[in-house]
Amino acid sequence: MSDGQARDLMAQRFRGFLPVVVDLETGGFNAQRDALLEIAAVTLTMDAQGNLMPDDTHAFHVRPFEGANIEQAALDFTGIDLDSPLRQQVALSEHDALGEIFKPVRKAIKANQCTRAILVGHNAAFDQGFLNAAVERNGIKRNPFHPFSCFDTATLGGLVYGQTVLARACRAAGIEFDNASAHSARYDTERTAELFCAMVNRYKNLGGWDLALKEQGMDED
């Protein structure tokens with residue numbers, strides 16, 4: 001399969017949507033009120049054999065928006081130090097962080113001949129809710145992600161491996177997971193991307209995708 005054929009397959013595999021893995025670390029559970037503190041995204045690509053794999057990672061520290069609530073319990077859970085000199089030096093505003101995430105996502109959509117990105121996340125509704133709230137709060141008109149459709153690796157992990165916790169699902173898939181590194185947006189996104197790819201590829205290798213195409217009358221035969 002050529003690179004062009006791989007791009008065609010990616011465009012067809014998820015009905016024109018490009019899966020992009022996203023993780024957000026936040027100051028609580030309320031998307032309207034609580035701060036967005038970290039955001040990371042991993043774009044995916046497909047090799048000549050039709051296997052899905054992680055491509056590029058983009059990750060940013062985010063300055064809390066004005067008036068944002070931050071629960072101490074959330075900081076204790078994530079280990080984020082808001083007073084870290086390094087964090088204060090590199091953190092971006094929500095608007096700029098979203099812009100830096102959306103640019104490579106749009107580029108990947110175009111490169112893979114897709115029409116839109118679809119968010120992949122572990123407990124994806126949480127990340128999607130915070131992402132949509134931040135987009136609205138910052139008046140961003142062109143969100144490359146579908147506003148409500150998503151792929152949830154907690155649900156898929158339960159289906160494929162009988163595990164819904166990210167660390168346990170990764171280990172069931174043969175993916176190393178370091179608990180000490182968890183709850184960093186970059187780390188969690190990269191592990192979630194590996195997990196999603198492993199499940200999609202497992203389904204393909206077991207013949208599920210070919211069967212789905214055949215049942216829909218879309219197989220080459």
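Cβ from N, Cα, C; glycine included.
Small disclaimer: the values here were computed from a predicted structure and weren't measured.
According to Swiss-Prot:
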type	residues	note
DOMAIN	20-196	domain 'Exonuclease'
BINDING	ASP23	Mg(2+) 1 binding site
BINDING	ASP23, GLU25, HIS183, ASP188	Mg(2+) 2 binding site
SITE	PHE29	site 'Important for substrate binding and specificity'
SITE	PHE77	site 'Important for substrate binding and specificity'
SITE	PHE126	site 'Important for substrate binding and specificity'
SITE	PHE148	site 'Important for substrate binding and specificity'
ACT_SITE	HIS183	active site, proton donor/acceptor
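Sequence features annotated in Swiss-Prot and their locations in the structure.
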residue : record                                                 : DSSP class
ASP23   : Mg(2+) 1 binding site                                  : strand
PHE29   : site 'Important for substrate binding and specificity' : coil
PHE77   : site 'Important for substrate binding and specificity' : helix
PHE126  : site 'Important for substrate binding and specificity' : helix
PHE148  : site 'Important for substrate binding and specificity' : strand
HIS183  : Mg(2+) 2 binding site                                  : coil
ASP188  : Mg(2+) 2 binding site                                  : helix
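Calculated from their C-alpha atoms, the gap between PHE126 (site 'Important for substrate binding and specificity') and ASP23 (Mg(2+) 1 binding site) amounts to 9 Å.
By neighbour count, meaning other C-beta atoms within 10 Å, the densest spot among the binding-site residues ASP23, GLU25, ASP188 is ASP23.
Taking the C-alpha positions, the distance from ASP23 (Mg(2+) 1 binding site) to PHE148 (site 'Important for substrate binding and specificity') comes to 16 Å. Nearest neighbour of PHE77 (site 'Important for substrate binding and specificity') by Cα distance, taken over the binding-site residues GLU25, HIS183, ASP188: HIS183. Other Cβ atoms within 10 Å of the Cβ of PHE77 (site 'Important for substrate binding and specificity') number 11 in total over all chains.
For PHE29 (site 'Important for substrate binding and specificity'), the count of additional Cβ atoms within 10 Å of its Cβ stands at 12 [all protein chains shown]. The two recorded residues ASP188 (Mg(2+) 2 binding site) and PHE29 (site 'Important for substrate binding and specificity') have their Cα atoms spaced 17 Å from each other. The Cβ of PHE148 has fewer other Cβ atoms within 10 Å than any other of the recorded positions PHE126, PHE148, HIS183. Note: the Mg(2+) 2 site is recorded as ASP23, GLU25, HIS183, ASP188; in the same chain, LEU24, GLU38, ALA40, THR78, ALA182, SER184, ALA185, ARG186, TYR187, THR189 also have Cβ atoms within 8 Å of that site's Cβ centroid. Per-residue confidence over the domain 'Exonuclease' (20-196) averages out at a pLDDT of 97.
Taking the Cα atom of each, HIS183 (Mg(2+) 2 binding site) and PHE29 (site 'Important for substrate binding and specificity') are about 14 angstrom apart.
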